[in-house]
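*Asks:* Following this message is one structure expressed as structure tokens.
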């Protein structure tokens with residue numbers, strides 16, 4: 001398969017609302033899972049993963065019929081009325097900066113998806129008058145307004161040059177250095193900081209802006225007497241910039257920050273609407289998760305592969321990170337199922353299977369032939385049959401609804417994934433240490449990004465025959481997104497995986513190939529991360545709503561990876577923060 005590669009510079013090494021009370025997480029007894037051996041000769045490893053934290057009984061309890069049906073109907077009616085009023089507000093004639101603030105608030109509150117066409121039309125009008133707008137006093141002399149304009153246009157796929165910041169050179173002719181910005185407000189520096197994370201390859205102005213604003217905000221946190229609300233905003237931004245954040249998690253934070261008046265929005269209707277919408281969408285998530293839990297329990301694969309991670313709820317949380325809007329329910333359904341199989345198959349290749357078994361399994365998946373399973377050991381027969389039936393069922397639904405045969409594309413992505421897993425298994429069993437380039441060329445596929453992207457492509461609501469015929473290779477943005485998932489994963493999991501016995505990760509490849517310390521290797525991996533983000537930022541423009549959806553999913557794959565692997569492995573060890581965020585996004589409504 002031919003692939004569109006990144007520029008060489010970035011591979012330098014060559015439910016129902018029943019109560020306003022917060023739902024409590026389930027308390028389950030921790031059990032160490034051990035696996036039955038397939039044969040006395042086979043040496044089986046075990047990672048001793050944490051067991052599932054979310055029982056099916058608990059998940060089903062989230063959607064028990066509620067006595068508050070009348071109240072829910074009233075809330076739905078109120079939601080629709082507020083939506084109509086906000087649509088009118090968007091269409092009102094406003095000054096450009098006021099329009100930008102409104103769009104920014106809608107996006108950060110997580111409700112912009114209701115007004116996509118209106119927002120796109122507003123930004124298109126602004127973009128068509130960009131030269132005139134940027135010369136006005138408020139943008140010429142206002143760093144905050146200019147940074148907001150820049151970020152929103154880039155974020156929504158419009159072209160805008162970093163030259164918009166030319167007016168903000170300091171007296172020495174440098175950008176954002178010396179004392180040139182000491183009179184700019186802290187809020188403006190925060191806006192510029194967020195804008196700088198939309199930089200493309202070679203944009204030195206934005207790189208300097210990132211350095212300067214990061215230092216400024218760090219100093220702000222240390223200053224006594226500074227505005228506490230602004231300090232909280234700065235701390236949130238320094239932890240992760242907006243462009244790197246999982247959208248739904250940020251939306252909840254932003255709504256609650258507005259409730260605490262840490263953030264100020266111009267129109268109180270927006271906050272009221274956002275709270276109602278968040279809770280309404282959360283009810284949808286509960287119902288989707290409940291149906292998926294019934295499917296997973298009935299499938300019974302967990303009992304047959306007790307050595308593997310059982311992570312249905314966390315797998316669903318991934319999909320909310322990738323496509324949170326209610327309209328993408330079919331993608332969330334198919335991809336949650338896919339995530340469960342990715343996890344199980346990954347553990348077979350990484351931990352449990354012998355090399356001979358793995359070669360057989362890869363061959364059977366590549367053939368996609370149910371008649372070939374007789375050559376597999378029993379545990380693999382169950383796994384392949386479950387995968388085969390589930391993927392074919394997803395393909396059948398698309399065929400029934402759209403008359404399109406997506407099964408060849410789905411099975412190709414699973415074959416690619418298993419082949420990449422097999423390469424890593426051979427490296428491990430043969431004690432081979434790959435170069436960093438060899439490693440990255442294989443593992444951007446083994447992180448499962450292409451399989452996720454393929455599911456998004458095939459489950460898209462507006463998929464056409466022509467779109468399907470064009471899907472002959474993975475686009476560049478899918479590669480960059482997958483690479484980010486791989487690198488984030490490596491930073492979080494490599495130490496534990498090497499200790500239990502696994503192939504060298506990107507960090508160890510750098511250390512071995514270049515003779516550097518682990519600390520230096522980690523910094524080199526972080527630079528790869530920044531480089532791939534720059535590439536993705538340069539590929540956000542879309543020619544159609546279909547392409548726009550796919551590129552958004554690609555970006556959100558990276559954002560969700562950042563969440564799950566930021567400051568540790570929150571997927572393998574699914575208690576702690578992961579449990580907190582499951583409760584926040586999927587279970588507890590906003591009060």
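Backbone N, Cα and C define each Cβ position, glycine as well.
What Swiss-Prot shows for this protein is this:
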BINDING   346, 350  Mg(2+) 1 binding site
BINDING   346, 350  Mg(2+) 2 binding site
BINDING   497  Mg(2+) 3 binding site
MOTIF     346-350  motif 'DDXXD motif'
TRANSIT   1-46  transit peptide
*Asks:* What kind of secondary structure is residue 350 (Mg(2+) 1 binding site) part of, going by DSSP in three states?
*Replies:* helix
*Asks:* Where does the mean pLDDT land for the motif 'DDXXD motif' (346-350)?
*Replies:* 95
*Asks:* Determine the most Cβ-crowded residue among the binding-site residues 346, 350, using a 10 Å radius around each Cβ and all protein chains in the structure.
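*Replies:* That would be 350, with the highest Cβ count within 10 Å.
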*Asks:* Can you work out which residues elsewhere in the same chain, 6+ from the ends of the motif 'DDXXD motif' (346-350), have a Cβ less than 8 Å from its Cβ atoms?
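*Replies:* Distant Cβ neighbours of the motif 'DDXXD motif' (346-350) are 47, 49, 305, 307-309, 358, 361, 380, 383, 418, 421-422, 424-425, 448, 497, 502.
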*Asks:* If one measures from the C-alpha of residue 350 (Mg(2+) 1 binding site) to the C-alpha of the residue listed as 'Mg(2+) 3 binding site', what distance in angstrom results, rounded to a whole number?
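*Replies:* About 9 Å separates the two Cα atoms.
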*Asks:* Distance check, please: Cα of residue 346 (Mg(2+) 1 binding site) against Cα of the residue listed as 'Mg(2+) 3 binding site', rounded to an integer number of angstrom.
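*Replies:* Cα-Cα, rounded: 13 Å.
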*Asks:* Over all shown protein chains, what is the count of other CB atoms within 10 A of the CB belonging to residue 497 (Mg(2+) 3 binding site)?
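*Replies:* Cβ-Cβ neighbours of residue 497 (Mg(2+) 3 binding site) within 10 Å number 21.
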